[in-house]
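Residues or ranges marked as domain 'Major facilitator superfamily associated' by TrEMBL: 19-184, 207-351. What TrEMBL lists as transmembrane segment is 21-39, 51-72, 84-114, 144-161, 168-188, 225-245, 257-277, 289-306, 318-340, 352-372.
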Amino acid sequence: MHFRPMFLLDAGEAKELVPLKIFYAIYYYCNSLVAYLPIFYEESNFTKSEIGILLAIPCVCTILAPPIWGAIADSLRRHKHIHVLCYVTSCLLFFAIQFVHSFPLMCVVVLGTYCQMMPNLALMDLAAMKLATRHGGDFGKQRLYGAFGYGVGGYVSGVMASSVGLKWCFTMMLGISCISLILLLWYIPASSYSDEDEHPPQKGINGGFIDGYLFLNVYDLSDNGATIVSVFVAVETLSEIPLFFLSNSMIKRFGSAVCLCIVVAALFIRDMVYIHMEQPWHVIPVETLHGVTFGLLLATLTTYLYTAAPKGAAGSMIGLLTAFQRGIGSGIASLAGGYIYDDYGVRTIWKIGAFGVVPASFVFISIFEWFARQRHAVAVELEDRLVDEDNSSSELNKYSPVQ
């Protein structure tokens, strides 16, 4: 059995999905600069509390923007037009962040940036689910290319930040984002977003703690060195690749609830390690669990919602998923985290995640599983009833006299 080089591009799937994979890789390469925003804010002399507010603003945008844009796109059936509009405006606004120095103006620019950026993620995932279903692919295998791009971009950004400064990264990302725009315009068909044919917040809080304050914690422990942050970003995102690749098989074998329990268990391990972290280089191996806590989580929730969503409402449902996970949960974490970081120390953040959010997450997963079983039981009962009625009608027609 010989190695096929094209496997690196198509992952053993249809060639029609290759442009989508490349688009994911380039888009998330550019998006990786988001991981360095807390460091950029600190270098701009904002306080930890102000950084907490700046990290919470994207979460507010995530609560409002994806569901609103998703509903507009569903109602107008112009998903690709909305996607292009949000993509272009978000890139330009994100580039403008480097020129802002006052806190009030920074809040306004960040607000506008994320109001346009966050719908991109929901619309991308919707297109990926639709195209993957149409061509017999897996959503996770599309998304793993985004993880690869994010990991490479995060490492490159860290190296550039250490050598020439973070501001040069904004220019680099704007230039590279033009490539993904070309792919979006020419190679991602508008029909990818349509929903005309048939198709088969507690984690947000804990994930918000980690995403918002882990890199800042590591940056402070390493005496303001951006290199360690770039290594963390690379390890985390590259760890997503095998999980995205295997996610569809895991979901089919274990079910959504078990996969979510695996995610929460991995979050607990990460929180416990961060509580005792003294040297950030020593905990790099634990960052491979990010593949579970992000990759498996995203694939599980997106696949479940896409399958369970009413026909014609997939865009709105995935937008709501983004709003709850990255908006409400992460918003609570960012606002509370800035205050806790300043007054009680970063270890308190990890303790809240391990001993508060994790147990609550298991409770909510149990509730989710109960409702899922009830929904399945009702669906089976309705199907059996329809089959019985159809059989009864057939029997009556069989024995009825010929007219």
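Each residue, glycine too, has its Cβ placed from N, Cα and C.
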Restricting to the domain 'Major facilitator superfamily associated' (19-184), report the mean pLDDT as a whole number.
86
Contact set of the transmembrane segment (21-39) with the rest of its chain, CB cutoff 8 A exclusive, min separation 6+ beyond the ends, reads 9-11, 51, 54-55, 91, 94, 97, 120, 124, 128, 141-143, 145-154, 157-158, 161, 166, 169-170, 173, 176-177, 179-180, 183-184, 187-188, 212-213, 215-216, 219, 226, 229, 233, 237
Mind checking which residues reach the transmembrane segment (289-306)? Cβ under 8 Å, same chain, six or more beyond either end.
125-126, 129, 139-140, 143-144, 147, 199, 203, 207, 210, 235-237, 239-244, 247-248, 250-251, 256, 259-260, 262-263, 266-267, 269-270, 314, 317-318, 321, 325
Give residue numbers and ranges for long-range contacts of the transmembrane segment (257-277): same chain, 6 or more residues beyond its ends, CB-CB under 8 A.
203, 206-207, 210, 214, 217, 221, 247, 250-251, 283, 286-287, 289-290, 292-293, 296-297, 300, 347, 350-351, 353-354, 357-358, 361-362, 365, 368-369, 372
